[in-house]
Every structure is written in C-alpha cells, then in structure tokens.
Amino acid sequence: MCVRRELANAIRMLSIDAVQNAKSGHPGMPMGMADIAEVLWRKFFKHSPTNPNWNNRDRFILSNGHGSMLLYSLLHLTGYDLSIDELKKFRQLHSKTPGHPETGETPGVETTTGPLGQGLANAVGMAIAERTLSAYFNRPDYDIVDHYTWVFVGDGCLMEGISHEVCSLAGTLKLGKLIVFYDKNGISIDGKISNWFTDDTVMRFKSYNWHVVDKVDGHDANSIKNSIEEAKSVKDQPSIIICNTIIGFGSPNKSGTADSHGAPLGEEEIFLTRKNLNWKYSPFEIPNKIYDKWNFVKQGLKLEENWNKQFHLYKSEYPALAEEYSRRIKKKLPTQWYKKTKDYIFNLQKNPQNIATRKASQNAIEEFAALLPELIGGSADLSPSNLTMWSKSSSITENLCGNYIHYGVREFGMTAIANGISHHGGFIPYTSTFLMFVEYARNAVRMAALMNTKHIFVYTHDSIGLGEDGPTHQPIEQLANLRMTPNIDVWRPSDQVETAVAWKYAIEEKNGPTALILSRQNLFQFSRNNEQIKNISYGAYILYDSKKPIDIIFISTGSELQITLTSAKKIAALGYSVRVVSMPSNNVFDRQNIDYKESILPSYITKRIVIEASIKDFWYKYAGSEGLIIGMETFGESASEEVLFKKFGFTVENIVNKSKILLKH
C-alpha cells in the first residue's frame, strides 16, 4: 500500500536521479516541494494529461524554474507524453526536458521560466485572462471559463523586484483564483538568506491585499490540504500559502544547506538518501503501484468530457457567444478582418494627415480593436502619452470584462504579465511605454521573443525628436537592441499608412512579438501607389526612384524619412540617379526572398547612405563598407527637436554634403 510520503518520494528520487545523470541541475527544490506538489496535483489540480491544451484546465506555473525536475516528474507520473527516457535525457540537446521549463518543448509546460519572478508575473497575467474571459463568456449555469492559476515560488522570486510590481497589481485587481505557494526554505545559492532577506512576508502581502496562509508545514499533507482549501474559499483576494520547507528534504548530509541547491548530490549521498527515505528501487525505477496512484489520465478525460457536454449545451443556448469563444481560443481572425483592414489602409493613403505615428497608432487601434474584442491593451502609466486608449477602452478595474489594463509604473511587470495573458489564450495583448523605458522591461521582452509570444509592444517617443526631456528619456541604443533580438519583428513607421500596415502585420503574425516604434512629433505623409502600399508589408520598399542606372541609394526609417527624401531629390537635381528606400522593418525585409531583396537593394550599388536617429553601428550590414551612416554616436541632450536634429546632423544640408562626398569617391 502506498502512503503519501512514498508518492512524494517518487518526485524526489526522479529529480535526484535525473540531476545526477545529467551531471548538473537543482535537486534541492524538487526534494523540498515534493509533498506540496503531491497534494496539489493529486487532490486539487484540474487538468487532462492526454490534452495538455484543454481550454479549461488549471494553469500550473513553476516560477522557480531551476527546480524543473519537479515539474517533469509530475508530468511523467500523471500521464503526459513525457517518457522515463526523456527524464533520463534531462538537460540534453533536443530532449523534452531542458534545464529550465520551456513552453512548446514539453507538453504541460505553460510558460518558460528560469529568470526568477517572471513565472509569477506570467501567472498574474493568466489569472487576469481567466477572470476577464469568464466575465465575458460565462452565463448562469454555464461556467465555460472557470479555472485556477497555481504558482510555485521560492525566496529568489520574492527577492526580485518584479514580484513587488505584479503582486501589488494582483492584490489591487482582487484576483481570487490566483494561489501562490511560497517555498520558504531559508536557503539560496549563497547560503542562509537571513543575512540578506529579512522581509516580513506576511505583512508585505497583506499590504498588497492578499490573503495570507502562514506557517504551513510544507511536509505535512493535512497542513497543505487545509491551506489550499482555505485559499480556495477566499474569492476576492489572491492567496499566498507560506510553506516552511527543508531544501533537499531526505538527504542526510545536504538537506537544509546550499549544497543541495544547484548541484548533483553525488553517488554516496544519493545512496544515503535512498536509505533514509526507504526507497528500495533502482535509479529511474518507479513501481506500478506508485504509477497507478499518480496516473490522472482517466480523471482528466472525465473532467474534459464534462466540460465538453456543458459547452455543447452552452452552444445551443448561446450560439453567437460559443462561436466567438471558439474563434478566439483557436486564434482565428474574424472573416471581415482582411477586407476591412485593407480598405482602411488604402483610405489612409487617399486622405493624408501629417500626424505623429503614435497618433496614427491610436487611430489604427480605434479601427482594428472594433473588429477584435480579444485585443487587450495597457500602458505603464503613460496612456495619454502613448495614445493607447481608444473610444471603447474599458478598464478591467472598473469592468470585469474590460479591454484595458492600467499597469501603473511597472514596465517589467506589465510586460511579463501580458506575456502570461497571451499564453493563457483568448487575447492579443499590447503594452506600451516610452522606448527608453524598454530598459526596465528588457528581460520580459526577451522572454516574449524566446517563447514566440504573440505580444505587441507599443514604444513611443522614439528618438532625440522627443526634445527637451533630454538624454534620460531619449533612446539611442534601444532600437538596435530590439532589432538584434531573435524572433522580434521591429517596425519604425514613417507615417500613418506605414503605421497601419505595421499594426495589421503585428496582429496577423502567428508567432512571436512585434515592437512598434513610434514618434512623439508630427510626421509628413508620403505619396504612394498601390504597389508601394503592398510592398510596405515586406519590410522595405522603394519610395522614390529618379532614373536608372542608380548612382546612390538612401535608406531611412521613421521621422528621418522626410529629410532623406528631400535630400535625395536635391542630389537628383544635380544630375545623379537616386533611390530612396523606406525600411520600416529590417527584420521582415531580411526574411524576403533573394530576388525581392536584390530588387530593393541591388548588391552592385555600393554607394549607400543610411539616415536614422539611433545608434549607427546596427546599420553597417545595409550600408556596406563603401556606404555612410548618419546616426547617433553619443547620448542626446536637452533641447528642442529642431535644435537637436541640427546638432546631430539630421538636416538636409548635412545629408546632401555627405552624399556629394560619397559620390565623388
């Protein structure tokens, strides 16, 4: 007969064996949290191992992702498509068990975790998504969206500043279906945390408006069970269950010490641990009696079957809602989307406006959000500056099925929360701040790229053109940083037409985040024919050709495109043949076929000049060894836009003079 401790020991021993086999990893956390995981996953966690993407499953987030073997053990034991051979391949190339959990690599992993605290932030986003969807779709007797978000966090997660940002917001939003287990073991890599982490966690979370369950014995099943039942009974607050645990539980010589945190226990200590836990089985051996107790396939299928029956009845009574729910979950765009957005873009070209691209972005949101109820926006306390609200924006603080989140001054938290909203499903999130402050959000931006998260970043005030606020607010190297991050498509449009195309592209893009880089100042709208409008979506296109053969190519983006075109025409007036290429998205352009790229930037034309008010270094791949770049080499200064553009060489006079020199060589 299996006792609960033996079931938890299966997690411990699989984790120990996998880490030892890989010769690296983190056994301490899985050993310490195994009892909590056993109670949660066997008695409370709602899921279907044969269908990891079942819509109404509970979400489980391992924010302390270094303890990944705990999650892999749970997935294996409960019946997911994760074999014992995959556990033996832990941390090996092309396995389903990478060192930290990665969504898309392992069935049952909801989000990629590892950078501490971000899993917690993703979980807040998932809880927001659950509550907002439930308010929108649920009807009396039909709880179509009804699930919990469960999170494991460690001391490190709560030390990270992002935990403050997201837990503060979660409490304000009263996310009652968010339940966090805090693995309070008092140990981190450097040793006992009492020397550097003495927060009163109870009072901290109470001040956030969280329900706190304190002094839970993390190795006692009844204590854990009672704490979960208490947390679930609280409907209008997120809950944190503070579990006192022993890191490396079961290891005679390394439990309770940093030695068990981030390295294999070693053969001798593993032998002693097996003996101490009365585990009589060989490495990676789990007896059938334990598998039988853990397996959740039948229960999962029953849960899913019951939900499917309910949804069938719901569909009969509320067919339009059911159809809309299915469309959003399947990530399909409305049938009228393509025609209406195309018509909108062509109409913009026919009705020119010289407006800032941040305003053009707001106009695009106004048009597109009316077609897409799944579009959920937000800003880090800069909504009036970013222009991210539209006429039907509704705050989720005031309206449970709203479509706008006031994140407060929490750039990092905002970005990671929206990653979670996206991974939950049913939404396309967009978030916004000044481009300069992407620095605060940087790692969550990178995680969005790593996870191929559909997330639209709206970054305004994109250059020294923002003016008098000075170098603290003027982005210089940020554009290059974003462009060089794999999987992010970066767009810096030059007018309202390019902005609308960029928004349309971002919404239609199936995988990965998109960054829209937008101006504070008004910009000139350019003339284009239908072919040019179509070619915007290829990332770069010919805006102007004087005659052939070409002597020089001008390449530019955003706010500098107007002075580039004016300069090029002056050079053309001197008898030279010039081409002006607008390159709103180099990432998208780079993915085009060789014929298209050659048609825009012929390789035999080596005299090229690039003009952009950002760091120069990025552009050499397009300018070439014989080309010239007019860009930024220093930080900006505090002055008006006009003064700064003149000081840093973004004038027609300077561009023309530099072009003449280039043409004479």
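Glycine is no exception: its Cβ is also placed from the backbone N, Cα and C atoms.
Features of the protein shown, as given by Swiss-Prot:
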BINDING   His26, His261, Arg358, Ser385, His461, Asp469, Arg520  substrate binding site
SITE      His26  site 'Important for catalytic activity'
BINDING   His66, Gly114, Pro115, Leu116, Gly156, Asn185, His261, Phe437  thiamine diphosphate binding site
BINDING   Asp155, Asn185, Ile187  Mg(2+) binding site
SITE      His261  site 'Important for catalytic activity'
ACT_SITE  Glu411  active site, proton donor
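Everything Swiss-Prot records as a feature, shown here on the structure.
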residue	record	Cβ contacts under 8 Å, 6 or more apart
His26	substrate binding site	Val19, His66, Gly67, Ser68, Met69, His261, Gly262
Pro115	thiamine diphosphate binding site	Asn443, Met447
Leu116	thiamine diphosphate binding site	Ser63, Asn64, Gly65, Gly154, Gly156, Cys157, Met159, Glu160
Asp155	Mg(2+) binding site	Asp183, Lys184, Asn185, Gly186, Ile187, Ser188, Ile193, Phe197
Ser385	substrate binding site	Arg358, Phe434, Thr460, His461, Arg520
Glu411	active site, proton donor	Ala380, Thr433, Phe437, Val438, Tyr440, Ala441
Whole-number Å value for how far Asp469 (substrate binding site) lies from Gly114 (thiamine diphosphate binding site) (Cα to Cα): 36
Under 8 Å by Cβ from Asp469 (substrate binding site), counting only residues of that chain that are 6 or more apart: His461, Ser638
For His66 (thiamine diphosphate binding site), the three-state class that DSSP assigns: helix
Shell list (Mg(2+); ref centroid = CB of Asp155, Asn185, Ile187; cutoff 8 A): Gly32, Gly154, Asp183, Lys184, Gly186, Ser188, Ile193, Thr245, Ile247
Entry from the binding-site residues list His261, His461, Arg520 having the most other CB atoms no farther than 10 A: His461
Cβ neighbours of Gly114 (thiamine diphosphate binding site) where a neighbour is any other Cβ within 10 Å: 19
DSSP-derived structure type at Asn185 (thiamine diphosphate binding site), helix or strand or else coil: coil
Extent of the thiamine diphosphate binding site in Å [max Cα distance among His66, Gly114, Pro115, Leu116, Gly156, Asn185, His261, Phe437]: 35
